[in-house]
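Feature list (source: Swiss-Prot):
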{"type": "CARBOHYD", "residues": "Asn16", "note": "N-linked glycosylation site"}
{"type": "CARBOHYD", "residues": "Asn27", "note": "N-linked glycosylation site"}
{"type": "LIPID", "residues": "Cys502", "note": "S-palmitoyl cysteine"}
{"type": "TOPO_DOM", "residues": "1-41", "note": "topological domain 'Extracellular'"}
{"type": "TOPO_DOM", "residues": "68-78", "note": "topological domain 'Cytoplasmic'"}
{"type": "TOPO_DOM", "residues": "105-114", "note": "topological domain 'Extracellular'"}
{"type": "TOPO_DOM", "residues": "138-159", "note": "topological domain 'Cytoplasmic'"}
{"type": "TOPO_DOM", "residues": "185-200", "note": "topological domain 'Extracellular'"}
{"type": "TOPO_DOM", "residues": "225-432", "note": "topological domain 'Cytoplasmic'"}
{"type": "TOPO_DOM", "residues": "457-465", "note": "topological domain 'Extracellular'"}
{"type": "TOPO_DOM", "residues": "490-510", "note": "topological domain 'Cytoplasmic'"}
{"type": "TRANSMEM", "residues": "42-67", "note": "transmembrane segment"}
{"type": "TRANSMEM", "residues": "79-104", "note": "transmembrane segment"}
{"type": "TRANSMEM", "residues": "115-137", "note": "transmembrane segment"}
{"type": "TRANSMEM", "residues": "160-184", "note": "transmembrane segment"}
{"type": "TRANSMEM", "residues": "201-224", "note": "transmembrane segment"}
{"type": "TRANSMEM", "residues": "433-456", "note": "transmembrane segment"}
{"type": "TRANSMEM", "residues": "466-489", "note": "transmembrane segment"}
Amino acid sequence: MDSPCPVAVGLPGHTNGTGGTSSPTCNQSMIKLAPYSPEATAAFATAITLMMLITIVGNILVIIAVLTSRSLRGPQNLFLVSLAAADILVATLIIPFSLANELMGYWYFRSVWCEIYLALDVLFCTSSIVHLCAISLDRYMSISRAVTYGPKRTPKRIKCAILVVWLISAVISFPPLLSMNKNKGGGESGALPQCQLNDERWYILYSTIGSFFAPCLIMILVYMRIYQIAKQRTRCPPGEPRKEAPANATTPQHKIQNGRGDETPGTLQKKARPPTLAVSQVESVQQAANTPIANNLLQAPSTTLTPTTPCPSPSPSNSSEVAPSKSKEGKKEKKKKKNNKNKNKKEPDNNNGESMSSDSDTEQGGRGLEVPCTPTMTPSGIHSPATMQKYRDMIATAKGAKLVARKAKQDGTPNSARRKAMVNREKRFTFVLAVVIGVFVICWFPFFFSYSLQAVCPESCALPEPLFKFFFWIGYCNSCLNPVIYTIFNKDFRRAFKKILCKNTKGTFF
């Protein structure tokens with residue numbers, strides 16, 4: 001085998017040790033040392049250069065978008081700024097030297113820079129995944145402890161957390177500076193200088209676990225917990241009433257008050273149609289609506305009822321409908337109530353959408369109820385617009401009153417709309433971060449797994465060198481993917497990027 005040139009290869013007019021020109025043997029060795037053909041070298045260099053440009057430009061756009069867009073100015077997005085800065089450093093300080101080392105087949109630069117280069121490579125890669133781990137923990141705290149954690153999530157605290165992330169990354173990447181196993185080459189052996197990854201077993205296990213596997217496990221567990229919490233809140237959102245039971249179901253027992261102040265449980269069967277309670281023919285709609293009920297969900301807050309005359313107790317019945325009374329007394333009472341109908345207002349109960357406005361309801365157990373028939377009402381607040389709005393769903397009929405059961409309307413105040421928009425933005429942001437973490441794991445797992453095999457079984461588990469290099473460069477590709485993910489999956493970033501790129505650049509940042 002021809003011996004390689006004793007010093008740096010590829011310099012024009014290079015002389016040998018005797019002062020003459022390079023020998024044909026040296027020139028042949030130079031050709032043999034080239035790892036790729038000229039065509040492959042040009043294609044590889046073009047692809048990696050394009051990747052570097054996308055990484056730098058895309059992550060600069062991310063930083064500008066977070067710092068200038070109102071919808072992205074939350075303190076938690078400072079994590080994305082730091083993550084984008086790490087990706088920019090990878091594209092400017094790591095990938096160019098890795099590309100030169102790959103295409104030339106040896107380390108052209110000084111050995112001191114090799115030490116710094118390897119340490120920075122591990123530092124930036126570790127900081128990326130530790131950033132993602134910190135972001136996932138921040139997501140979990142904001143979802144599980146929204147009330148207490150929200151006020152604590154200040155820009156100052158987030159910046160302190162980012163500083164801790166970089167310190168942890170530095171602790172993991174610092175040992176290579178103490179113990180490096182580099183193949184410097186040169187000297188008497190004539191070998192070319194190399195700058196390779198540390199192949200000491202202790203450091204391989206230390207760096208792979210600290211830089212990838214431990215943070216990856218934390219992120220997976222945290223996002224599993226986030227998914228469980230989100231699923232629970234989808235079924236029963238906090239602060240909202242539970243959904244109504246199906247129309248053919250039996251409602252739980254309700255407690256209604258009779259004229260003596262006793263609480264009597266009653267069970268009503270829901271029908272397929274809206275529930276209607278028949279009332280006595282001698283009672284008007286207004287009388288039926290004036291029955292005092294314990295549940296006052298629809299009752300005007302300023303309305304006061306004072307029962308004066310109890311109704312006669314009807315016979316026990318297991319039905320929710322009461323037979324009409326045909327007494328003369330009732331007819332007189334009916335005429336009297338018709339004359340005073342403008343003085344009274346309906347006050348139905350809205351317990352789970354059931355109408356309980358009959359003046360002669362009976363409990364299911366068979367005991368009759370005395371319900372007051374002539375309550376008096378204080379005039380304050382009865383005819384206010386708010387009170388009229390509450391009874392919009394009441395439909396008066398000749399036999400009584402019928403309530404159309406429907407779900408309570410959502411609060412339409414600006415605060416609730418703002419809160420809903422914030423919750424939706426948090427959901428979208430959580431989904432985008434889940435995609436970012438998933439892509440990161442897919443890109444870097446093959447490299448870290450194959451690298452750890454060198455410590456576990458260096459001889460039997462060794463991968464082919466081309467495959468290991470492929471995994472190595474796939475990991476670097478992750479640095480340019482985050483801006484693409486933000487653009488595809490988050491409309492806030494998409495809107496911010498469009499605003500940055502399409503606005504008039506006169507007098508602006510550019």
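Glycine is no exception: its Cβ is also placed from the backbone N, Cα and C atoms.
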* To do: Note the mean pLDDT of the topological domain 'Cytoplasmic' (490-510), expressed as a whole number.
  => 76
* To do: For the transmembrane segment (115-137), find every same-chain residue at least 6 residues outside the stretch whose CB is under 8 Å from a CB in it, and list them.
  => 76, 79-80, 82-83, 86-87, 89-90, 93-94, 97-98, 109, 161-162, 164-166, 168-170, 172-174, 176-177, 180, 182, 195, 197-198, 207, 210-212, 215-216, 218-219, 222-223, 226, 433, 436-437, 440, 444, 475, 478-479
* **Top partner of the transmembrane segment (201-224) among 42-67, 79-104, 433-456, 466-489 - counted as Cβ pairs under 8 Å** => 433-456
* To do: Mind pulling out the one from 42-67, 79-104, 466-489 with the most Cβ pairs under 8 angstroms to the transmembrane segment (433-456)?
  => 466-489
* Asked: When you measure from the Cβ of Cys502 (S-palmitoyl cysteine), how many other Cβ atoms are you left with inside 10 Å?
  -> 8
* Provide the three-state DSSP residue tally for the topological domain 'Cytoplasmic' (138-159): helix first, then strand, then coil. => 19 helix, 0 strand, 3 coil
